[in-house]
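Trainee: Have a look at this one before I ask anything.
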């Protein structure tokens with residue numbers, strides 16, 4: 001896996017100014033800048049910096065004929081080329097060498113595209129793509145093209161093998177599938193995935209060297225996201241992939257936002273019950289341990305009354321941050337106000353109690369620095385592992401235990 005360092009090799013002050021400004025909005029990337037091939041070689045010689053990608057100008061003071069491209073590719077760093085003029089033969093030669101893209105310095109949009117492409121490359125490292133084609137040479141070509149863009153690439157030679165692979169690796173996000181294959185053609189594979197297996201989350205790009213526009217319509221009507229006719233340009237495939245991935249990520253972001261509490265970023269009450277109900281049913285069916293904890297901040301109303309709601313919100317977000325960190329493998333939600341819930345699946349009651357009580361002690365020991373004030377808070381917790389009736393009953397039992405903890409003096413954990 002590559003890091004987040006980006007090498008920019010460019011001698012134009014104007015271009016550098018634009019790129020530096022654009023990178024300011026990309027905190028997840030760490031650009032370094034070189035104005036010559038010699039400077040670039042110094043950066044590339046450092047073994048402790050695995051560059052995600054290099055963006056290079058073809059015409060440098062000490063490398064006027066694009067020599068920098070070979071230097072970058074020689075150390076296995078993906079390369080995006082910037083050029084002041086378009087040359088079709090040069091473009092073809094550079095793409096054949098294995099550069100990621102050939103971008104003209106036409107306008108600000110060109111540089112915005114480059115930065116967007118770099119962000120895409122960073123995300124691509126975590127995306128599995130399944131290439132399904134009975135032609136070994138076609139699979140090799142597509143694999144090479146996808147690898148240049150840092151995707152994790154898997155291969156299958158027909159629909160039957162593809163279905164088995166999707167079962168084994170459900171985290172495959174994208175599939176590129178040819179139409180004409182033995183055993184099960186691409187169209188039948190798409191129908192099987194969408195209709196029989198009801199897999200709506202996989203991005204599917206259909207391919208074919210034959211047929212009319214009716215074939216692409218047939219693919220898309222039955223669930224493919226897009227269709228490409230062979231042969232296709234390197235850039236055409238990647239633009240289609242980028243567009244479909246961005247659309248999926250936008251949908252996932254909207255869906256995730258709908259499931260989150262607006263203030264703390266924890267799951268909200270509605271989504272918690274959706275997830276918790278399934279975990280509860282699974283625990284009961286397979287006799288697995290399941291504990292549920294209700295917790296809230298002691299004297300929270302006094303904090304709001306004394307310091308204002310802004311400080312109260314700050315306290316809630318800080319507590320939520322620690323909950324996310326300490327209970328990352330479990331289901332955590334804000335149910336409302338100062339009340340939170342933790343569902344500990346797969347952990348017996350003794351370990352759950354110990355983990356929760358350690359958390360209670362940690363919160364009591366910490367101070368929150370707010371506007372010159374060191375504010376200390378405590379929490380009370382009610383816990384149960386009683387799964388005999390229903391999830392709602394578990395919640396009610398934990399809530400009663402929480403009430404008892406409050407009545408007994410607060411800053412306590414009470415176990416059912």
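Residue numbers in this text run from 1 along the chain shown.
Yeah, the Cβs are placed from backbone N, Cα and C, and that goes for glycine too.
A TrEMBL annotation is a machine prediction, not a hand-curated record.
Pulled from TrEMBL, these are the listed features:
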type	residues	note
DOMAIN	5-120	domain 'Response regulatory'
DOMAIN	128-245	domain 'Response regulatory'
DOMAIN	288-416	domain 'GGDEF'
MOD_RES	57	4-aspartylphosphate
MOD_RES	178	4-aspartylphosphate
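Help me picture where these features are in the structure shown.
Mentor: According to DSSP, the domain 'GGDEF' (288-416) comprises 60 helix, 38 strand, 31 coil.
Close to residue 57 (4-aspartylphosphate) in the fold, though at least 6 residues off in sequence, lie 9, 10, 11, 12, 15, 68, 82, 83, each with a CB less than 8 Å from its CB.
Annotation for residue 178 (4-aspartylphosphate): same-chain Cβ neighbours under 8 Å, separated by at least 6 residues, are 132, 133, 134, 135, 138, 186, 206, 207, 208.
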Trainee: Does the domain 'Response regulatory' (128-245) come near the domain 'GGDEF' (288-416), with 3+ Cβ pairs under 8 Å (pairs 6 or more apart)?
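Mentor: Checked: the domain 'Response regulatory' (128-245) vs the domain 'GGDEF' (288-416), no contact.
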